[in-house]
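Positions annotated as ATP binding site by Swiss-Prot, on the basis of sequence analysis: Gly119, Ser120, Asn121, Gly122, Lys123, Thr124, Thr125.
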Amino acid sequence: MKVISNFQNKKILILGLAKSGEAAAKLLTKLGALVTVNDSKPFDQNPAAQALLEEGIKVICGSHPVELLDENFEYMVKNPGIPYDNPMVKRALAKEIPILTEVELAYFVSEAPIIGITGSNGKTTTTTMIADVLNAGGQSALLSGNIGYPASKVVQKAIAGDTLVMELSSFQLVGVNAFRPHIAVITNLMPTHLDYHGSFEDYVAAKWMIQAQMTESDYLILNANQEISATLAKTTKATVIPFSTQKVVDGAYLNDGILYFKEQAIIAATDLGVPGSHNIENALATIAVAKLSGIADDIIAQCLSHFGGVKHRLQRVGQIKDITFYNDSKSTNILATKKALSGFDNSRLILIAGGLDRGNEFDDLVPDLLGLKQMIILGESAERMKRAANKAEVSYLEARNVAEATELAFKLAQTGDTILLSPANASWDMYPNFEVRGDEFLATFDCLRGDA
(Lines of atoms letter the chains of each structure in order from A and count residues from 1; the text may use other names and numbers.)
(Lines give C-alpha, C1' and ligand atoms only; values in the text may rest on other atoms or scores of the structure.)
Protein backbone atom coordinates (compact mmCIF):
# COMPACT_ATOMS: atom_id res chain seq x y z
CA MET A 1 0.00 0.00 0.00
CA LYS A 2 1.22 3.47 -0.84
CA VAL A 3 1.30 5.82 2.13
CA ILE A 4 -0.14 9.09 0.86
CA SER A 5 -0.55 12.41 2.65
CA ASN A 6 -3.70 13.58 0.83
CA PHE A 7 -5.92 12.91 3.83
CA GLN A 8 -3.53 13.75 6.67
CA ASN A 9 -5.45 15.73 9.34
CA LYS A 10 -8.46 16.07 7.02
CA LYS A 11 -11.93 15.90 8.56
CA ILE A 12 -13.77 13.11 6.76
CA LEU A 13 -17.32 11.84 7.20
CA ILE A 14 -18.05 8.20 6.40
CA LEU A 15 -21.76 8.02 5.54
CA GLY A 16 -23.04 4.48 6.01
CA LEU A 17 -21.07 1.59 7.42
CA ALA A 18 -21.45 -2.00 6.19
CA LYS A 19 -18.20 -3.72 5.21
CA SER A 20 -16.97 -1.01 2.85
CA GLY A 21 -17.62 1.86 5.26
CA GLU A 22 -15.84 0.08 8.09
CA ALA A 23 -12.84 -0.66 5.85
CA ALA A 24 -12.71 2.93 4.58
CA ALA A 25 -12.82 4.29 8.13
CA LYS A 26 -9.88 2.13 9.18
CA LEU A 27 -7.85 2.96 6.07
CA LEU A 28 -8.39 6.70 6.41
CA THR A 29 -7.50 6.60 10.09
CA LYS A 30 -4.28 4.80 9.15
CA LEU A 31 -3.61 7.61 6.66
CA GLY A 32 -3.95 10.21 9.42
CA ALA A 33 -7.46 11.46 8.70
CA LEU A 34 -9.85 12.71 11.38
CA VAL A 35 -12.73 10.31 10.77
CA THR A 36 -16.36 10.48 11.84
CA VAL A 37 -18.66 7.58 10.98
CA ASN A 38 -22.42 8.07 10.64
CA ASP A 39 -24.68 5.03 10.33
CA SER A 40 -28.46 4.72 10.55
CA LYS A 41 -28.39 1.50 12.59
CA PRO A 42 -28.64 2.11 16.38
CA PHE A 43 -25.34 1.85 18.22
CA ASP A 44 -26.45 -1.01 20.49
CA GLN A 45 -27.31 -3.07 17.39
CA ASN A 46 -24.19 -2.08 15.48
CA PRO A 47 -21.12 -4.24 16.21
CA ALA A 48 -19.07 -2.53 13.49
CA ALA A 49 -19.68 0.91 15.02
CA GLN A 50 -18.85 -0.42 18.46
CA ALA A 51 -15.56 -1.85 17.19
CA LEU A 52 -14.63 1.44 15.51
CA LEU A 53 -15.37 3.38 18.69
CA GLU A 54 -13.02 1.08 20.59
CA GLU A 55 -10.33 2.02 18.06
CA GLY A 56 -10.88 5.69 18.85
CA ILE A 57 -12.96 6.56 15.79
CA LYS A 58 -15.91 8.88 16.36
CA VAL A 59 -19.26 7.24 15.59
CA ILE A 60 -22.77 8.70 15.38
CA CYS A 61 -25.54 6.13 15.01
CA GLY A 62 -29.30 5.83 14.79
CA SER A 63 -30.03 8.39 12.06
CA HIS A 64 -28.42 10.63 9.46
CA PRO A 65 -28.68 14.13 11.01
CA VAL A 66 -28.20 16.74 8.29
CA GLU A 67 -26.84 19.23 10.82
CA LEU A 68 -23.81 16.96 11.23
CA LEU A 69 -22.50 18.52 8.02
CA ASP A 70 -22.13 21.84 9.82
CA GLU A 71 -18.92 20.42 11.34
CA ASN A 72 -16.88 21.53 8.31
CA PHE A 73 -15.96 18.16 6.86
CA GLU A 74 -13.48 18.31 4.01
CA TYR A 75 -14.54 15.01 2.40
CA MET A 76 -17.41 12.55 2.51
CA VAL A 77 -17.04 8.84 1.74
CA LYS A 78 -20.51 7.58 0.83
CA ASN A 79 -21.70 3.99 1.16
CA PRO A 80 -22.54 2.75 -2.36
CA GLY A 81 -26.09 1.86 -1.36
CA ILE A 82 -26.98 5.40 -0.29
CA PRO A 83 -28.45 7.26 -3.29
CA TYR A 84 -27.43 10.74 -4.33
CA ASP A 85 -30.88 12.11 -3.49
CA ASN A 86 -30.31 11.29 0.19
CA PRO A 87 -30.66 14.54 2.23
CA MET A 88 -27.15 14.17 3.69
CA VAL A 89 -25.62 13.69 0.26
CA LYS A 90 -27.59 16.58 -1.23
CA ARG A 91 -26.47 18.83 1.63
CA ALA A 92 -22.84 17.78 1.14
CA LEU A 93 -23.06 18.57 -2.56
CA ALA A 94 -24.65 21.94 -1.81
CA LYS A 95 -21.75 22.70 0.54
CA GLU A 96 -19.32 21.56 -2.21
CA ILE A 97 -17.87 18.83 -0.02
CA PRO A 98 -16.06 16.33 -2.30
CA ILE A 99 -17.76 12.92 -2.21
CA LEU A 100 -15.42 9.95 -2.58
CA THR A 101 -16.24 6.33 -3.22
CA GLU A 102 -14.62 3.54 -1.26
CA VAL A 103 -13.17 1.94 -4.40
CA GLU A 104 -11.58 5.21 -5.48
CA LEU A 105 -10.04 5.56 -2.04
CA ALA A 106 -8.53 2.10 -2.56
CA TYR A 107 -7.26 3.15 -5.99
CA PHE A 108 -5.42 6.14 -4.52
CA VAL A 109 -3.30 3.91 -2.28
CA SER A 110 -2.97 0.79 -4.43
CA GLU A 111 0.49 -0.35 -5.47
CA ALA A 112 -1.07 -3.23 -7.40
CA PRO A 113 -2.61 -2.91 -10.87
CA ILE A 114 -6.38 -3.30 -11.00
CA ILE A 115 -8.59 -5.46 -13.18
CA GLY A 116 -12.13 -4.13 -12.83
CA ILE A 117 -15.22 -6.16 -13.69
CA THR A 118 -18.72 -4.72 -13.96
CA GLY A 119 -21.95 -5.46 -15.84
CA SER A 120 -25.57 -6.35 -15.15
CA ASN A 121 -25.03 -10.10 -14.83
CA GLY A 122 -22.05 -12.38 -14.48
CA LYS A 123 -19.83 -10.00 -12.49
CA THR A 124 -19.10 -12.29 -9.57
CA THR A 125 -18.62 -15.44 -11.62
CA THR A 126 -16.33 -13.65 -14.09
CA THR A 127 -14.38 -11.97 -11.29
CA THR A 128 -13.85 -15.33 -9.59
CA MET A 129 -12.96 -17.07 -12.85
CA ILE A 130 -10.36 -14.41 -13.65
CA ALA A 131 -8.75 -14.62 -10.21
CA ASP A 132 -8.67 -18.43 -10.38
CA VAL A 133 -7.01 -18.44 -13.82
CA LEU A 134 -4.44 -15.80 -12.89
CA ASN A 135 -3.53 -17.63 -9.69
CA ALA A 136 -3.32 -20.94 -11.54
CA GLY A 137 -0.90 -19.23 -13.92
CA GLY A 138 1.43 -18.30 -11.09
CA GLN A 139 0.29 -14.74 -10.56
CA SER A 140 -1.02 -13.30 -7.29
CA ALA A 141 -4.62 -12.21 -7.83
CA LEU A 142 -6.58 -10.79 -4.89
CA LEU A 143 -10.39 -10.72 -5.01
CA SER A 144 -11.87 -7.40 -3.94
CA GLY A 145 -14.81 -5.03 -4.28
CA ASN A 146 -18.47 -5.93 -4.53
CA ILE A 147 -17.65 -9.62 -4.18
CA GLY A 148 -17.56 -9.28 -0.40
CA TYR A 149 -13.97 -8.16 0.20
CA PRO A 150 -13.88 -4.35 0.50
CA ALA A 151 -11.29 -2.86 -1.82
CA SER A 152 -10.04 -0.47 0.84
CA LYS A 153 -9.31 -3.44 3.11
CA VAL A 154 -7.69 -5.72 0.52
CA VAL A 155 -5.51 -2.89 -0.81
CA GLN A 156 -3.79 -2.57 2.56
CA LYS A 157 -2.09 -5.95 2.11
CA ALA A 158 -1.57 -5.75 -1.67
CA ILE A 159 1.92 -5.16 -3.02
CA ALA A 160 3.14 -4.12 -6.45
CA GLY A 161 3.50 -7.75 -7.56
CA ASP A 162 -0.16 -8.51 -6.87
CA THR A 163 -3.21 -7.82 -9.03
CA LEU A 164 -6.47 -6.57 -7.55
CA VAL A 165 -9.34 -8.34 -9.34
CA MET A 166 -12.18 -6.04 -8.40
CA GLU A 167 -15.91 -6.56 -8.88
CA LEU A 168 -17.62 -3.20 -9.28
CA SER A 169 -21.32 -2.36 -9.07
CA SER A 170 -22.98 0.62 -10.72
CA PHE A 171 -23.44 2.05 -7.22
CA GLN A 172 -19.68 1.99 -6.69
CA LEU A 173 -18.84 3.44 -10.09
CA VAL A 174 -21.34 6.29 -10.30
CA GLY A 175 -19.17 8.65 -8.24
CA VAL A 176 -15.62 7.82 -9.34
CA ASN A 177 -13.37 10.49 -10.84
CA ALA A 178 -9.75 9.29 -10.88
CA PHE A 179 -10.27 5.50 -10.80
CA ARG A 180 -8.32 3.78 -13.59
CA PRO A 181 -8.04 0.00 -13.96
CA HIS A 182 -5.46 -1.41 -16.37
CA ILE A 183 -8.01 -3.93 -17.67
CA ALA A 184 -11.77 -3.46 -17.44
CA VAL A 185 -14.54 -5.91 -18.30
CA ILE A 186 -18.20 -5.05 -18.90
CA THR A 187 -19.99 -8.40 -19.01
CA ASN A 188 -23.31 -7.05 -20.37
CA LEU A 189 -25.71 -4.14 -19.91
CA MET A 190 -29.39 -4.67 -19.10
CA PRO A 191 -32.04 -2.47 -17.43
CA THR A 192 -31.43 -3.14 -13.73
CA HIS A 193 -31.27 -0.96 -10.60
CA LEU A 194 -33.46 1.63 -12.31
CA ASP A 195 -35.02 2.47 -8.95
CA TYR A 196 -31.57 3.78 -7.91
CA HIS A 197 -30.38 5.34 -11.18
CA GLY A 198 -33.70 6.59 -12.54
CA SER A 199 -33.18 5.52 -16.15
CA PHE A 200 -31.31 2.98 -18.23
CA GLU A 201 -29.23 5.79 -19.72
CA ASP A 202 -28.06 6.90 -16.28
CA TYR A 203 -27.38 3.28 -15.31
CA VAL A 204 -25.20 2.79 -18.41
CA ALA A 205 -23.44 6.08 -17.71
CA ALA A 206 -22.56 4.81 -14.23
CA LYS A 207 -21.17 1.54 -15.60
CA TRP A 208 -19.24 3.42 -18.30
CA MET A 209 -17.33 5.33 -15.62
CA ILE A 210 -15.14 2.24 -15.26
CA GLN A 211 -13.22 3.35 -18.38
CA ALA A 212 -13.38 7.13 -17.96
CA GLN A 213 -9.68 7.51 -17.12
CA MET A 214 -8.33 4.67 -19.24
CA THR A 215 -5.89 5.32 -22.10
CA GLU A 216 -4.84 3.37 -25.18
CA SER A 217 -2.35 1.46 -23.03
CA ASP A 218 -5.29 0.01 -21.08
CA TYR A 219 -7.73 -2.68 -22.23
CA LEU A 220 -11.53 -2.62 -22.23
CA ILE A 221 -13.28 -5.96 -22.79
CA LEU A 222 -16.82 -5.60 -24.16
CA ASN A 223 -19.66 -7.98 -25.03
CA ALA A 224 -20.01 -7.79 -28.81
CA ASN A 225 -23.34 -9.65 -28.64
CA GLN A 226 -24.92 -6.35 -27.60
CA GLU A 227 -25.42 -3.47 -30.03
CA ILE A 228 -24.83 -0.97 -27.24
CA SER A 229 -21.22 -2.16 -26.99
CA ALA A 230 -20.43 -0.99 -30.52
CA THR A 231 -21.86 2.43 -29.73
CA LEU A 232 -19.95 2.74 -26.48
CA ALA A 233 -16.70 1.44 -27.97
CA LYS A 234 -16.50 4.52 -30.18
CA THR A 235 -16.29 6.78 -27.12
CA THR A 236 -13.44 5.19 -25.16
CA LYS A 237 -9.72 5.89 -25.34
CA ALA A 238 -8.93 2.35 -24.17
CA THR A 239 -7.98 -0.48 -26.51
CA VAL A 240 -11.18 -2.49 -26.99
CA ILE A 241 -11.10 -6.30 -26.96
CA PRO A 242 -14.50 -7.78 -27.90
CA PHE A 243 -15.94 -11.16 -26.96
CA SER A 244 -18.92 -12.88 -28.55
CA THR A 245 -20.88 -16.13 -28.61
CA GLN A 246 -22.61 -15.12 -31.85
CA LYS A 247 -19.86 -14.16 -34.28
CA VAL A 248 -16.13 -14.29 -34.89
CA VAL A 249 -14.47 -11.15 -33.50
CA ASP A 250 -10.93 -9.85 -33.06
CA GLY A 251 -10.83 -11.09 -29.49
CA ALA A 252 -12.51 -14.01 -27.71
CA TYR A 253 -15.33 -15.86 -29.42
CA LEU A 254 -17.34 -19.08 -29.70
CA ASN A 255 -17.27 -20.92 -33.02
CA ASP A 256 -18.59 -24.45 -33.66
CA GLY A 257 -18.66 -25.19 -29.94
CA ILE A 258 -15.06 -24.08 -29.32
CA LEU A 259 -13.92 -21.00 -27.37
CA TYR A 260 -11.16 -19.13 -29.20
CA PHE A 261 -8.90 -16.16 -28.65
CA LYS A 262 -7.81 -14.62 -31.95
CA GLU A 263 -8.00 -17.88 -33.93
CA GLN A 264 -6.33 -19.91 -31.16
CA ALA A 265 -8.62 -22.65 -29.80
CA ILE A 266 -8.69 -22.65 -25.99
CA ILE A 267 -11.43 -25.02 -24.76
CA ALA A 268 -14.61 -26.74 -25.93
CA ALA A 269 -17.82 -25.29 -24.50
CA THR A 270 -18.81 -28.78 -23.33
CA ASP A 271 -15.64 -28.93 -21.22
CA LEU A 272 -16.50 -25.85 -19.15
CA GLY A 273 -17.12 -26.67 -15.51
CA VAL A 274 -20.38 -24.69 -15.31
CA PRO A 275 -23.44 -24.88 -17.61
CA GLY A 276 -25.32 -22.16 -19.44
CA SER A 277 -24.77 -19.77 -22.34
CA HIS A 278 -24.03 -16.98 -19.88
CA ASN A 279 -21.12 -18.97 -18.49
CA ILE A 280 -19.70 -19.28 -22.00
CA GLU A 281 -19.76 -15.47 -22.11
CA ASN A 282 -18.13 -15.30 -18.68
CA ALA A 283 -15.45 -17.74 -19.81
CA LEU A 284 -14.77 -15.74 -22.99
CA ALA A 285 -14.27 -12.55 -20.98
CA THR A 286 -11.98 -14.48 -18.65
CA ILE A 287 -9.98 -15.86 -21.58
CA ALA A 288 -9.47 -12.33 -22.91
CA VAL A 289 -8.14 -11.13 -19.54
CA ALA A 290 -5.96 -14.21 -19.14
CA LYS A 291 -4.39 -13.84 -22.58
CA LEU A 292 -3.71 -10.14 -21.97
CA SER A 293 -2.09 -11.20 -18.69
CA GLY A 294 0.20 -13.76 -20.33
CA ILE A 295 -1.42 -16.96 -19.04
CA ALA A 296 -0.74 -20.12 -21.09
CA ASP A 297 -3.61 -21.70 -23.03
CA ASP A 298 -3.38 -25.08 -21.29
CA ILE A 299 -3.60 -23.46 -17.86
CA ILE A 300 -6.64 -21.41 -18.94
CA ALA A 301 -8.38 -24.54 -20.26
CA GLN A 302 -7.58 -26.62 -17.20
CA CYS A 303 -8.80 -23.94 -14.82
CA LEU A 304 -12.05 -23.30 -16.71
CA SER A 305 -12.80 -27.03 -16.92
CA HIS A 306 -12.51 -27.37 -13.14
CA PHE A 307 -14.37 -24.18 -12.26
CA GLY A 308 -17.42 -25.25 -10.23
CA GLY A 309 -19.25 -21.97 -9.99
CA VAL A 310 -19.75 -19.45 -7.22
CA LYS A 311 -22.11 -19.76 -4.28
CA HIS A 312 -25.64 -18.64 -5.24
CA ARG A 313 -24.62 -18.25 -8.89
CA LEU A 314 -25.69 -21.39 -10.73
CA GLN A 315 -23.96 -23.32 -7.95
CA ARG A 316 -24.16 -27.09 -8.30
CA VAL A 317 -25.24 -28.07 -4.80
CA GLY A 318 -25.34 -31.86 -5.15
CA GLN A 319 -27.58 -34.83 -5.78
CA ILE A 320 -30.19 -36.78 -3.83
CA LYS A 321 -31.39 -40.02 -5.45
CA ASP A 322 -29.94 -38.85 -8.79
CA ILE A 323 -31.90 -35.57 -8.58
CA THR A 324 -29.53 -32.62 -9.05
CA PHE A 325 -29.94 -29.30 -7.22
CA TYR A 326 -28.66 -25.93 -8.48
CA ASN A 327 -28.67 -22.73 -6.42
CA ASP A 328 -28.92 -19.63 -8.62
CA SER A 329 -30.35 -17.25 -6.02
CA LYS A 330 -28.23 -14.42 -7.45
CA SER A 331 -30.45 -14.38 -10.55
CA THR A 332 -32.48 -11.32 -9.57
CA ASN A 333 -33.69 -10.37 -13.06
CA ILE A 334 -35.15 -11.95 -16.18
CA LEU A 335 -31.93 -12.02 -18.22
CA ALA A 336 -30.02 -13.93 -15.53
CA THR A 337 -32.71 -16.60 -15.30
CA LYS A 338 -33.01 -16.84 -19.09
CA LYS A 339 -29.30 -17.55 -19.28
CA ALA A 340 -29.48 -20.07 -16.44
CA LEU A 341 -32.30 -21.95 -18.18
CA SER A 342 -30.25 -22.16 -21.38
CA GLY A 343 -27.97 -24.72 -19.77
CA PHE A 344 -30.63 -27.33 -18.95
CA ASP A 345 -33.08 -29.75 -20.54
CA ASN A 346 -36.44 -28.15 -19.73
CA SER A 347 -38.27 -31.47 -19.88
CA ARG A 348 -36.32 -32.65 -16.83
CA LEU A 349 -36.24 -29.30 -15.02
CA ILE A 350 -38.28 -28.02 -12.07
CA LEU A 351 -37.84 -24.25 -11.71
CA ILE A 352 -38.32 -22.36 -8.44
CA ALA A 353 -38.90 -18.68 -9.23
CA GLY A 354 -40.49 -15.49 -7.93
CA GLY A 355 -39.74 -12.71 -5.48
CA LEU A 356 -39.80 -8.92 -5.57
CA ASP A 357 -40.47 -7.49 -9.03
CA ARG A 358 -38.20 -4.54 -9.87
CA GLY A 359 -39.63 -3.74 -13.28
CA ASN A 360 -39.27 -7.08 -15.05
CA GLU A 361 -41.04 -7.84 -18.33
CA PHE A 362 -42.18 -11.36 -17.52
CA ASP A 363 -43.39 -12.03 -21.06
CA ASP A 364 -39.71 -12.02 -22.05
CA LEU A 365 -39.28 -15.19 -19.99
CA VAL A 366 -42.10 -17.13 -21.66
CA PRO A 367 -40.04 -18.64 -24.54
CA ASP A 368 -37.52 -19.95 -22.02
CA LEU A 369 -40.21 -21.60 -19.89
CA LEU A 370 -41.60 -23.68 -22.77
CA GLY A 371 -41.44 -27.39 -22.02
CA LEU A 372 -40.55 -27.04 -18.34
CA LYS A 373 -41.56 -30.04 -16.28
CA GLN A 374 -42.89 -27.87 -13.45
CA MET A 375 -42.62 -24.46 -11.80
CA ILE A 376 -42.82 -23.66 -8.11
CA ILE A 377 -43.78 -19.99 -7.75
CA LEU A 378 -43.40 -17.75 -4.72
CA GLY A 379 -43.14 -14.15 -3.62
CA GLU A 380 -44.65 -10.76 -4.39
CA SER A 381 -44.42 -11.33 -8.14
CA ALA A 382 -46.35 -14.62 -8.01
CA GLU A 383 -49.36 -13.44 -10.03
CA ARG A 384 -47.15 -12.14 -12.85
CA MET A 385 -45.04 -15.29 -12.77
CA LYS A 386 -48.21 -17.41 -12.98
CA ARG A 387 -49.36 -15.48 -16.05
CA ALA A 388 -46.00 -16.19 -17.70
CA ALA A 389 -46.29 -19.88 -16.79
CA ASN A 390 -49.80 -20.03 -18.25
CA LYS A 391 -48.61 -18.47 -21.51
CA ALA A 392 -45.86 -21.08 -21.68
CA GLU A 393 -48.39 -23.80 -20.79
CA VAL A 394 -46.32 -24.90 -17.81
CA SER A 395 -48.02 -26.30 -14.72
CA TYR A 396 -47.12 -24.70 -11.41
CA LEU A 397 -47.60 -24.84 -7.67
CA GLU A 398 -47.29 -22.00 -5.17
CA ALA A 399 -45.07 -21.96 -2.09
CA ARG A 400 -44.77 -19.65 0.88
CA ASN A 401 -40.98 -19.61 0.94
CA VAL A 402 -37.90 -21.20 -0.59
CA ALA A 403 -37.81 -24.06 1.91
CA GLU A 404 -41.37 -25.10 1.10
CA ALA A 405 -40.72 -24.65 -2.62
CA THR A 406 -37.66 -26.90 -2.46
CA GLU A 407 -39.55 -29.59 -0.57
CA LEU A 408 -42.40 -29.47 -3.10
CA ALA A 409 -39.96 -29.68 -6.00
CA PHE A 410 -38.25 -32.71 -4.48
CA LYS A 411 -41.58 -34.51 -4.03
CA LEU A 412 -42.38 -33.94 -7.70
CA ALA A 413 -38.92 -34.79 -9.04
CA GLN A 414 -37.95 -38.13 -10.51
CA THR A 415 -34.59 -39.78 -11.07
CA GLY A 416 -32.57 -37.73 -13.57
CA ASP A 417 -34.45 -34.48 -12.94
CA THR A 418 -32.91 -31.15 -11.93
CA ILE A 419 -34.25 -28.66 -9.38
CA LEU A 420 -33.15 -25.10 -10.10
CA LEU A 421 -33.64 -22.09 -7.83
CA SER A 422 -33.37 -19.14 -10.24
CA PRO A 423 -35.87 -16.55 -8.98
CA ALA A 424 -35.69 -13.89 -11.76
CA ASN A 425 -36.63 -11.42 -9.03
CA ALA A 426 -35.05 -9.60 -6.11
CA SER A 427 -35.26 -11.17 -2.65
CA TRP A 428 -36.39 -8.28 -0.49
CA ASP A 429 -40.07 -9.19 -0.28
CA MET A 430 -39.15 -12.24 1.83
CA TYR A 431 -35.41 -12.16 2.58
CA PRO A 432 -32.88 -9.44 3.44
CA ASN A 433 -30.69 -10.41 0.47
CA PHE A 434 -30.18 -13.09 -2.17
CA GLU A 435 -27.57 -14.81 0.02
CA VAL A 436 -30.08 -15.55 2.78
CA ARG A 437 -32.55 -16.79 0.15
CA GLY A 438 -29.91 -19.09 -1.33
CA ASP A 439 -28.79 -20.28 2.09
CA GLU A 440 -32.37 -21.42 2.80
CA PHE A 441 -32.25 -23.49 -0.39
CA LEU A 442 -28.91 -25.01 0.69
CA ALA A 443 -30.18 -25.74 4.19
CA THR A 444 -33.30 -27.42 2.82
CA PHE A 445 -31.14 -29.54 0.50
CA ASP A 446 -29.10 -30.66 3.53
CA CYS A 447 -32.29 -31.60 5.40
CA LEU A 448 -33.67 -33.54 2.44
CA ARG A 449 -30.37 -35.37 1.98
CA GLY A 450 -30.34 -36.28 5.66
CA ASP A 451 -33.84 -37.73 5.42
CA ALA A 452 -33.20 -39.62 2.18
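Placed from the backbone N, Cα and C atoms, the Cβ positions cover glycine too.
All features noted in Swiss-Prot, drawn onto the structure.
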residue	record	Cβ within 10 Å
Gly119	ATP binding site	25
Ser120	ATP binding site	20
Asn121	ATP binding site	26
Gly122	ATP binding site	26
Lys123	ATP binding site	24
Thr124	ATP binding site	22
Thr125	ATP binding site	28
